[in-house]
Amino acid sequence: MAELEAVADDLDALIDDLDYLPGHFHLEMQLNFEPRSPAPQRARDLKLQREGLRQELQLAAAPQRPAVRHLLGAFAFYLEELDEARECFLEVAHEHPGNLNAWANLAHVYGRLGQEEEEEACAARLADLMGLAEEPEAAGDPQLRAARCLAEQGYAHGFDVGCASPEERARGLAAGIALYDKALGYGQQIPMEEKRGWYFTMATLYIRLDGIFLELGSEEQKRLPAFNRTLALLRQVLKSEDPRHRALAWCYLGMLLERKDTFSTTPMGVHDCGYSGTDPLDCFGKAIEIAKNQPPILNRLAKIFYFLGKQDMAIGTCNMALDVLRDPELNWQAYCTRAKIHIRAYLHDLKRAKMGLGGMPDRNHLACAKADLEEVVRVCPGFKAYLDIGQVYYYMGVDAVQELLAVDEAALNQALVFLAKAGESELGATLPELQLLRGKCLRIKGEDANAAACFKRAVELDDAGSSHTDGFGCLLEALLAQWSQAQLSDGELGREVDAWLRRAQDKYPAARLRQELQRVWRGHTDEVLGLARALVAQGRPALVRLLFETMEREGEGASAPRDRRAVSF
């Protein structure tokens, strides 16, 4: 026993002396920490992130593919798909026998599987590659292996799962950048083209970090050094031989030059890098020019333009991709992105119409989105396509003023059919967006009890800290509708409102919840006053006080931040 303890102490001392530690399962990422969310939500988030990574793997340059495969293996591990995780790491080890993370991650998986001999063999191979064996046999430079190991770990921080706040996401991105810096210190002899791939990922992490700083209202001096460095990194990436990196670097440069106006004076990095007179639109134009014959790159650019709110540019880029490759089976991404742009345009106009700031939204947007999504559903159906086309049919079925009246019963029924298909998939069944849409369809059809059940499920599935309070607001409206139609008694309504308001307080930011309650109260004043009387009669004055305090604070709430799932490009 004493001998084993001595060996363990020696191992701990050795690890403490190391400047870096291979593998992904020790990294300080939320992925590796005890989950905060319930198991179904965590599994959903892991699978959604994994789906995005699989698409990334198809586009990634060869030197970056091991980093993507390591993450796919880590996600499979935490989804209890241990055989899949092992295969991911074995694939890297076979293609790149000197990859440190592959052997470290394999050792971790074998340990979990209880295969001690394989675990020890991986550990021995790892020690040899790191130059820690008594008689090292591995050829090659351990410094280069260390550099690539650290770069792969830095890449992983850009795809963390489970961050509960912007501050947590910022810390993770900063940790990823620090690992890349460390990798550059070890990797003096790394080929320049491979380094440019690192610079590209670093610039991406920096841009996301700056976006968080903007969201948090951070001081200029906190943003400035990183902003200037990002410009310098992108200038290096523009020399890359990889057209994808070059095109995206021009696009990111355009984004940064647009952000320079958020500083009181132009950041010095703009002048140092020679971009003093550069117009952001010229940068976007150069990105499109580089990608003009390559649909995968055009599709990525279109997505970025979509997230930036540049809808005309996004539509044009999608059209270019479809001019090159119209087959929806091979280029479904362009159809999906173009449909999303039309849906967003319709929703933007609908919101303005509800506020009395514009006329009726153009329903041609819905027709265009429907046509694109029908092409996708025909050749490669999936829960996302079903959800999107279900959303389109919902808006085709309701009025274009307040979403209160059915104008096309057949469209509403078709929406429910597509949403049911989306819900058949394991992932689709865990999406709050799907339950919210189902509830809205059922509410318009007059099925308030069924609608309320869907809205409850949407609230249950929402992440803690989510800004999407729509499901809770719709639930309150459905409960009030049932009560006004005598489908719920005063006591039942009071208990339901009490229980779900407490749950909402635990889940949503206070300011955002207040805004949602204000919206419901403004639209249903008579019902709310009736609810208040019923609650007083039930001896629930504290709940009444909370409701009326909410109404009195109208206008205090800050604008809602975007949800985590919507900000990643």
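Cβ atoms are placed via backbone N, Cα and C, with glycine included.
These figures come from a predicted structure and were not determined experimentally.
Positions annotated as repeat 'TPR 1' by Swiss-Prot: 66-99. Residues or ranges marked as repeat 'TPR 2' in Swiss-Prot: 101-133. Taken from Swiss-Prot, the feature repeat 'TPR 3' covers 203-237. Taken from Swiss-Prot, the feature repeat 'TPR 4' covers 260-294. The repeat 'TPR 5' annotation in Swiss-Prot covers 295-328. Per Swiss-Prot, repeat 'TPR 6' is recorded for 383-418. Feature annotation from Swiss-Prot assigns repeat 'TPR 7' to 432-465.
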For the repeat 'TPR 5' (295-328), sequence-distant contacts whose Cβ falls under 8 Å of one of its Cβ atoms, 6 or more beyond its ends: 58-59, 243-244, 247-248, 251, 255, 284, 287-288, 334-335, 337-338, 340-341, 344-345, 375-376, 378-380, 566-567, 569
At a C-beta cut-off of under 8 Å, are there same-chain residues at least 6 beyond the repeat 'TPR 1' (66-99) that contact it? List them, or none. 24-25, 31, 42-43, 46-47, 49-50, 53-54, 56-57, 60, 105-106, 108-110, 112-113, 129, 138, 140, 145, 148-149, 151-152, 155-156, 159, 161
For the repeat 'TPR 4' (260-294), give me same-chain residues lying six or more residues beyond its boundaries with a C-beta closer than 8 angstroms to one of its C-beta atoms, as numbers and ranges. 214, 220, 223-224, 227-232, 235, 243-244, 246-251, 253-254, 301, 305, 310, 313, 317, 320, 324
What is the number of residues in the repeat 'TPR 4' (260-294) that are helix, strand and coil, as DSSP sees it? 20 helix, 0 strand, 15 coil
If you average pLDDT over the repeat 'TPR 4' (260-294), what do you get? 95
